[in-house]
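Participant: Dropping the structure in here first, questions after.
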Protein chains: 2
Amino acid sequence: MRVLGVDPGLTRCGVGVVEGVAGRPLTMLGVGVVRTPADAELGHRLVAVEQGIEQWLDEHKPECVAVERVFSQHNVRTVMGTAQASAIATLCAARRGIPVALHTPSEVKAAVTGSGRADKAQVGAMVTRLLRLDAPPKPADAADALALAICHIWRAPAQNRLQQAVAQHAANATKGRTA
Amino acid sequence: MRVLGVDPGLTRCGVGVVEGVAGRPLTMLGVGVVRTPADAELGHRLVAVEQGIEQWLDEHKPECVAVERVFSQHNVRTVMGTAQASAIATLCAARRGIPVALHTPSEVKAAVTGSGRADKAQVGAMVTRLLRLDAPPKPADAADALALAICHIWRAPAQNRLQQAVAQHAANATKGRTA
């Protein structure tokens with residue numbers, strides 16, 4: 001499974017591509033940051049984020065895009081930019097029919113470090129170890145994007161089983177009604 | 001000046017096109033709502049909003065798009081959807097090189113009713129009167145989109161004068177340095 005992780009942001013949007021399956025060593029295929037100038041108009045910044053994400057989708061053709069689920073506990077200005085960048089990434093993927101999965105920051109931290117309250121350094125250290133890199137990816141947004149992709153690869157089997165169980169249950173219920 | 005007003009939202013995104021200049025009677029060219037099903041996936045909803053906004057831009061070719069500036073005082077769930085729909089509308093306009101103006105809800109209310117704390121009914125009544133309609137546009141999101149467009153037409157001259165003054169000041173400062 002090849003996953004593009006996106007840590008959304010207007011000033012720095014972290015992107016990272018990881019390939020692998022749960023239980024096997026993972027491979028990093030690319031990591032980077034889509035940047036837009038803080039003094040540019042919002043519209044221009046969103047167009048730049050769109051172009052950046054499109055390039056990553058073109059180049060790596062991921063089967064899934066994992067985006068950080070935006071929360072409100074941050075300060076308002078940041079949340080707006082994050083929500084808007086996340087909307088653009090989600091739009092780009094959905095237009096291509098690529099499924100989009102959302103994971104919360106604590107789900108991502110718990111997946112890669114074992115603790116939902118791990119700090120940036122811990123996440124960076126584990127991403128470096130899990131992907132067998134020479135040094136933690138910089139900036140932190142890039143490392144977070146890789147952590148999102150790893151989190152998705154590891155959580156996907158459980159999520160799929162859950163979805164299948166729900167679908168099976170719904171199918172049985174329908175059968176019950178039509179019988 | 002022809003302005004597309006957008007009251008952003010994922011479930012109901014109000015859109016309204018108004019033509020005119022400050023100090024003259026205004027004309028409504030179109031009003032409607034782009035809807036997306038609340039139970040659809042976020043990605044599909046964003047693609048549907050994009051397609052809806054694109055249709056309005058294609059049909060009416062506005063010179064400017066006025067979008068409601070998103071605030072945080074609403075509840076969190078609503079703000080996220082609003083920020084995301086607003087990002088899509090802003091992206092669509094910016095991709096075509098159409099300038100995007102943001103106005104706060106109280107600026108819009110103050111522009112059309114004289115009070116920044118007017119209620120929905122008052123805004124609807126004034127939009128009806130100013131555009132010489134037979135009845136207030138429904139739902140309220142559609143009326144709000146028209147109010148945004150009206151607000152922009154009325155505020156634009158003052159904003160342009162301000163921008164020109166700032167540009168003039170900057171030009172003079174440069175001249176002073178190079179003289």
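Keep in mind that glycine also has a Cβ here, set from the backbone N, Cα and C atoms.
Automatic, uncurated: that is what TrEMBL annotation is.
Pulled from TrEMBL, these are the listed features:
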{"type": "ACT_SITE", "residues": "B:ASP7", "note": "active site"}
{"type": "ACT_SITE", "residues": "B:GLU68", "note": "active site"}
{"type": "ACT_SITE", "residues": "B:ASP141", "note": "active site"}
{"type": "BINDING", "residues": "B:ASP7, B:ASP141", "note": "Mg(2+) 1 binding site"}
{"type": "BINDING", "residues": "B:GLU68", "note": "Mg(2+) 2 binding site"}
Participant: Who sits close to B:ASP7 (active site): which same-chain residues at least 6 apart have their Cβ under 8 Å from its Cβ?
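Facilitator: Same-chain residues close to B:ASP7 (active site) (Cβ under 8 Å, separated by 6 or more) are B:CYS13, B:GLY14, B:VAL15, B:GLU68, B:ASP141, B:ALA142, B:ASP144, B:ALA145, B:LEU148.
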Participant: How many neighbouring Cβ atoms, not counting its own, are there within 10 Å of the Cβ of B:GLU68 (active site)?
Facilitator: 27
Participant: What is the total of other Cβ atoms whose distance to the Cβ of B:ASP141 (active site) is within 10 Å?
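Facilitator: Looking across every protein chain shown, the total is 25.
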Participant: DSSP on B:ASP141 (active site), three-state: which is it?
Facilitator: helix
